[in-house]
Structure formats: structure tokens, C-alpha cells
Amino acid sequence: MNNTAHSMSEKVLLVASLEAARYGQYQQAVKGLQAESGLLETHMIDRITDLAYAPPADYFDAVYMMLPSEGVEWAAALPKLRASMIPGAKLRVSVVNENDPSSFLSQVRAELTIAGFTDIQTYENASIESRRPASSSVAEKDSTASSGMGAVKLRRKPNENGGHQQKKALLWATQPETHMDTEAKLQEHARTVSPASRREDCTVDFSAPRTRRKRACKGCTCGLRELEEEDERNSNLVQLDPSEVGGTGGKRTEVTTTVKGPNGEEHTVRRIQVDTRGATSSCGSCFLGDAFRCSSCPYLGLPAFEPGQKVEIPANMDDDL
């Protein structure tokens with residue numbers, strides 16, 4: 001490694017590798033630099049690439065590197081070394097024990113260019129030398145002059161009043177704010193019943209919450225089906241049978257008996273005997289159901305039917321409403 005003479009006031013950094021120490025090149029370089037420079041600092045390449053290490057900024061006048069052709073983290077080492085060098089300082093890289101250093105020097109040349117070094121020169125003794133730019137402002141000035149063009153900042157065109165265009169007001173920002181509670185409107189509509197659907201003598205409270213009994217599903221396993229079957233066995237049926245009609249003038253007679261259903265289960269039945277043939281109706285709508293009957297109608301509570309038709313009503317029918 002051919003070293004350039006240094007003054008005793010210059011600070012020099014030597015970065016080497018284990019290969020350079022194995023072949024004795026590192027020890028020879030240390031002796032030569034100690035005799036020529038005032039202050040010599042030595043580090044292995046692993047120390048430089050360590051993320052925890054940061055060399056002093058703008059400190060060294062020259063940096064020498066003795067490295068192998070492979071296994072060097074240039075992207076981590078060169079930026080640190082460049083920051084530790086004073087402007088205009090030189091960096092010299094030498095390859096250790098390489099038979100064909102041309103490919104190595106080409107790689108190092110590219111890495112030095114990427115790191116921002118200038119004045120890169122290659123020597124026959126398998127070494128390459130470069131320098132840190134003297135000033136970043138000078139480099140920028142030179143690049144601008146060489147291209148013959150400079151960046152021109154574009155200005156916004158002013159309007160007729162001499163000022164910049166004003167932002168247009170949003171259309172919805174000029175309208176008054178209106179708040180509508182959709183949920184409250186829906187609840188109010190559900191509670192309100194139109195007058196056309198209510199009769200004068202209707203006593204049903206439509207504002208009260210309605211309940212619906214849950215029915216057992218097809219594959220019920222929670223016991224609800226057993227409860228329904230028990231309720232069905234104990235339920236009362238209301239039958240209107242024209243063959244058992246007795247009395248006159250629409251009179252109504254109730255008889256409670258126990259009968260067996262088609263499946264052999266017993267049911268308590270309340271029979272209501274009504275003479276529909278003798279009943280009179282001023283409205284003619286008594287047989288259409290409770291919605292068309294007066295409050296004093298003798299058929300109030302019975303479903304819609306025709307004279308002579310058999311009707312059966314479970315006593316717990318109101319659970320489904």
C-alpha cells in the first residue's frame with residue numbers, strides 16, 4: 001500500500017479486515033502511517049458497519065481501507081466514512097490478496113459514486129481513490145451550470161381583482177340545517193291508528209304493546225312443544241253446532257262437556273247453543289265477525305260464520321293475537 005506523505009497535524013483513519021491482518025498488510029500499513037501522520041486511528045470494518053457506532057463528524061483528513069473483494073457492507077460503511085471526513089478529504093480503498101481486482105474495483109467505483117464521492121481514480125496497484133466534495137453548494141452550482149437550465153418556480157395566476165381565486169362556498173353550507181328524527185317518526189306512526197279503521201264503540205287500546213307467543217319449532221328440544229301439547233289437552237273449545245240449536249230469538253246456552261279428540265286425547269269442551277234462525281240483525285253484519293258487530297250483539301266473541309255452519313274456537317285463542 002503506497003501512502004502519501006501526511007503532515008504531523010493531519011488525522012488519519014485506517015479501516016482494515018481480518019484478511020489484511022492475516023497476510024501482514026495491515027501491520028505494515030500501521031507502521032507507515034504512524035511515522036507519517038500526527039494522529040492515527042484504526043478500526044476493523046465490522047466496527048464501522050456496526051449500527052451502534054458513529055465516528056466523529058468532519059474529523060479525518062484521510063481515510064484508508066484494506067478490504068477483501070467479498071463480504072463488505074458498502075451501503076453501511078461508506079456513508080459513515082463520508083460524514084467523518086472533512087470536505088475535500090481523500091478516501092483510498094485497496095483490495096487484499098485478489099488475483100483479478102478489476103471486477104472488485106468496478107464494484108467499489110459504483111459504490112463510491114452512490115455514496116457521493118467525487119474525483120474517483122483507479123491505480124495499477126489494485127487500489128482506487130476518491131474525495132469528498134469540498135462543498136455541497138459548489139456541486140449543486142456546477143450541476144446547474146453544466147446543464148444550462150435551472151428550476152423555475154411556477155406562480156399561480158392572479159384573478160381580475162389582483163388576488164388569488166377564492167374558494168367557492170359549498171352549496172349545502174348556505175342552506176339552513178334541518179334535523180329529522182326518523183326513528184321517532186316511525187314510532188309515532190306505529191302508535192297512531194287512522195280514524196277510518198276504528199269504530200266509535202271500539203275499546204281496544206292500540207297504544208299498548210302487543211305480545212306474540214312463541215311457537216315451538218319443528219325439532220323442538222327445549223320443552224316448549226310439551227307445554228303446547230299440555231295446553232292443548234287442557235284447552236276449552238267452543239263449538240257452534242246447528243244440530244244442537246235450541247231456543248228462539250237468538251238465545252244462547254252454554255254446556256261444558258268432556259270429549260275425545262281424533263288422537264284419543266280428552267278435551268274439555270264448552271258448547272254454545274245459539275238459534276241463528278231466529279236471530280235478527282239491524283245491520284246485517286252479525287255473521288261477519290266481531291269487527292262488524294255491535295257491543296250488544298249476542299254473537300260477540302264468536303268467529304265469523306254462516307247459519308248452519310259448525311264452528312270450533314280454542315278458549316286460548318287470544319294468546320295468538
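Each residue, glycine too, has its Cβ placed from N, Cα and C.
Marked as region 'N-terminal SAM-like domain' by Swiss-Prot on the basis of sequence analysis: 1-140.
Annotation source Swiss-Prot lists region 'Disordered' at 128-166 (among others).
For 128-138, the entry in Swiss-Prot reads compositional bias 'Polar residues'.
Positions annotated as region 'Linker' by Swiss-Prot, on the basis of sequence analysis: 140-177.
The region 'Fe-S binding site A' annotation in Swiss-Prot covers 202-222.
Annotation source Swiss-Prot lists [2Fe-2S] cluster binding site at C202, C217, C220, C222. Residue environment of C220 ([2Fe-2S] cluster binding site) contains 13 other Cβ atoms, counted within 10 Å of its Cβ in all protein chains.
Per Swiss-Prot, the feature region 'Disordered' maps to 239-263 (among others).
Per Swiss-Prot, region 'Fe-S binding site B' is recorded for 283-297.
The annotation [4Fe-4S] cluster binding site is assigned in Swiss-Prot to C283, C286, C294, C297. Under the three-state DSSP scheme, C294 ([4Fe-4S] cluster binding site) falls in the coil class.
Summarising the annotation, Swiss-Prot assigns motif 'Cx2C motif 1' to 283-286.
For 294-297, the entry in Swiss-Prot reads motif 'Cx2C motif 2', with the evidence type sequence analysis.
Rounded to a whole value, the Cα-Cα separation of C286 ([4Fe-4S] cluster binding site) and C217 ([2Fe-2S] cluster binding site) is 37 Å. Counting other C-beta atoms within 10 Å of each candidate's C-beta, the binding-site residues C217, C286 are led by C286.
Of all the binding-site residues given, namely C222, C294, the one with the smallest number of surrounding CB atoms inside 10 A is C222. Distance noted between the C-alpha atoms of C222 ([2Fe-2S] cluster binding site) and C297 ([4Fe-4S] cluster binding site) is 43 Å. There are 17 other CB atoms within 10 A of the CB of C297 ([4Fe-4S] cluster binding site), with all protein chains counted.
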